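Novice: Dropping a structure here in structure tokens format, bear with me for questions.
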Amino acid sequence: MSKLPSSRHLPQPSRLRPPGSAMKRLGSDSAITSPEKRSRHSGDADDTGIMSRPQHPGGTRGGRGSLSRSVSMANLNSGVTRNRGMAKRNMANSRIGASTLNLTGRPSNITAASANLVRQGAGAVSRRPGANITNRVNNTQDTDTGPGGDAVTKAKKKRAPWDLKGRLQDMEELVKCSTVERENLLAKFNDYDSRIQSLEEEKQNLNQNLQQSHSTTQANQEQIDALTAKLNEEVRQRSNERQELERNIEELQSKKSSLERRIKMLEADLSSREDELAGLKATVSNLTSVSSGLEAQLSSTKLLLNDRNKRVADLEAETSTQASTITILEKKLLEGETFRRKLHNQVLELKGNIRVFCRVRPLIGEEIKNNGDSSDIHHINFLDERTLELCKGGDVNSSTMSGLKGRGNGHLEFTYDKVFTPCATQTEVFEEISQLVQSALDGYNVCVFAYGQTGSGKTFTMEGCPDSEELEGVITRTVRHVFTSMKELKDKGWTYTVEASFLEIYNETIRDLLVSSKEAKNLTYDIKLVDNKKNDTYVTNLKIVPVLDETQVHQLLRMAQQQRAVAATNMNEHSSRSHSVFRLKLVGENCRTSESCEGTLNLVDLAGSERLKESGSEGARLTETQNINRSLSNLGNVIMALAQKQGHIPYRNSKLTHLLQNSLGGNSKTLMFVNVSPVDLCYSETLNSLRFATKVNQCHIGTAIKQVKK
Ligand SMILES: Nc1ncnc2c1ncn2[C@@H]1O[C@H](COP(=O)(O)OP(=O)(O)OP(=O)(O)O)[C@@H](O)[C@H]1O
């Protein structure tokens, strides 16, 4: 956008004075425009600068002087007018030029041109007005043509100095010409004036235009400023945006680089995946071939499946038939179970309701040394599973004992239901009595007791070594067998409750082994009949513990052992001198058959038998021995009475027989272990025990009766 000139460059109205005013000033300065002034300044040629001739003294001279002055004035007027006309023309020209230039948008040139013209015009007048007038007069005289051309031509003819008239005529003609010229000039002046006025108007218009342009320029400037500010703001925003964009570019570049890295990784991954894919494709092709094979197999399998489904349908039909058969068979099984129990009982009856097992323990420890470092037992021969032979050189009389067979020479044979050699294991021993345990579950009273001299192996047989499973005794194995059988019988509808008690009889006094001596301090334990008509007995105040599993029973056994240890200063002696009775009461119910049963299992470790003569006991020991022998002898008597079916069975003669009344009578199955020591020195006690066992073995107690729960 081109910058418009400021107002100060435009021509100032004061400088462009109207021609009238310039002329006025010119007139006033030169003092020649008005006749008054001309007359007033007629002698002041110096003021005007016109070279006037020196006046001659006298009138003529004065006349000539005034004429010259008139001519000079006319010339002057003419020159001034001409000069002023030139000036005006110049000014008009300059104004025209200025307006033209102004119209073309270059007013500065106008101002300069008009100023120059004014200066030139003014200068032309002001510098040498007199000279100009003179020249003009002279020139006019020489060249002017016009209305007075002839007169001038005539005037050109040099008049004689005396021809004043002619000269006056010339002058008059000249004045006339000047007047005409002046009028012409005035017309021109007026013409110029009107032109100036029009130019003034034009100038005013131009000024208005200029002002409008100025205001437009200002508006434009404001707009420009606003636009500039906007532009700056825009530039700032663009700069911010650019910075933002640069940051974005940086971020994008970093992202790009990270993406490039990721692309590389992905490319690597892709290539590995491609490899994997290739492998998978190979696998897929393999699998496809396998699949086609499998499909073929599947179709054949489907065919097979159809056949099988058919077969399944057949089998289901068969199964339903079999299910009904199973129901029938289960019924038969239950009947069979009942029958088995009967048969089992009959077998035991055939075996005898009281049976005797003989067990000879091995030599142990010092006994082997004393036996010449040999475990061979010299005085006992095992003839078969049920017979052993006792022999001692010189003891011929023994063979004559009643009921005993022998080969003579001190050889005595003893036959029992079973003879266990020293090599017999605890397991083998228990297998033989497990059927009795089964009888207890079937609802019979069972009594297993161990009889024998001290140290013959009674406790080993009944309790065993609790720390070794292999050496577990009858009690532990019985408990396990009971709970195992209970589980098996559960499938046949039987559920059982088990109660345990454990007591000892020492010097004919009952002691509860399942309570501490502190707890049992003020308690008395008496044996009483449950029902006077029957032989069921119970012990008052005795602790009966319901047991749910084998572990619980083992805890009771350990507690009983501790009680026996606390009760004695010498445990072995105390335990040897008392009878211990472990009792399990088994109550069963069958929900299917509505059967019920109640059996009692007594496991008795008797006190060691001892012959008074041979023991040489005295004092308390003697009393103990007497009590033991009395109870053991009474046990024999009861058994004998039962065998002889006597009317009175002396159960009450000892606590032991009284307690075991129901388990020894006709309503029970009894098994007696006769434990034998292998030591030679124990021969007499062994013989005594074997004789006692023989007596028992010869007894037929009667038929055991199944106990039905009341
Ligand atoms: N069959 C056997 N095998 C190995 N050792 C046995 C056997 N029987 C008994 N014994 C051992 O013989 C020793 C005496 O046995 P045990 O204490 O059982 O005799 P006991 O008849 O109970 O004596 P007591 O009447 O004094 O109680 C024990 O050390 C025992 O371990």
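The backbone N, Cα and C atoms fix where each Cβ goes, glycine too.
Automatic, uncurated: that is what TrEMBL annotation is.
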Novice: Any idea which of 122-153, 186-217 is down as region 'Disordered' in TrEMBL?
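Specialist: That would be 122-153, the stretch labelled region 'Disordered' in TrEMBL.
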Novice: Which of Gly452, Gly455, Gly457 (the binding-site residues) has the most other Cβ atoms within 10 Å?
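Specialist: Of Gly452, Gly455, Gly457, the one with the most crowded Cβ is Gly452.
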Novice: To test your reading of the ATP site: which residues beyond Gly452, Gln453, Thr454, Gly455, Ser456, Gly457, Lys458, Thr459, same chain only, put their Cβ within 8 Å of the Cβ centroid of those residues?
Specialist: Arg361, Ala450, Ser576, Gly608, Asn675, Ser677
Novice: If you draw a 10 Å sphere around the Cβ of Ser456 (ATP binding site), how many other Cβ atoms fall inside it, taking every protein chain shown into account?
Specialist: 27
Novice: Sort Gly452 (ATP binding site) into helix, strand or coil using the DSSP assignment.
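Specialist: In three-state terms, Gly452 (ATP binding site) counts as strand.
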Novice: For the domain 'Kinesin motor' (353-699), would you mind checking the mean pLDDT of the predicted model?
Specialist: 83
Novice: Please give me the CB contact count at 10 A for Gln453 (ATP binding site), counting all chains in the structure.
Specialist: 25
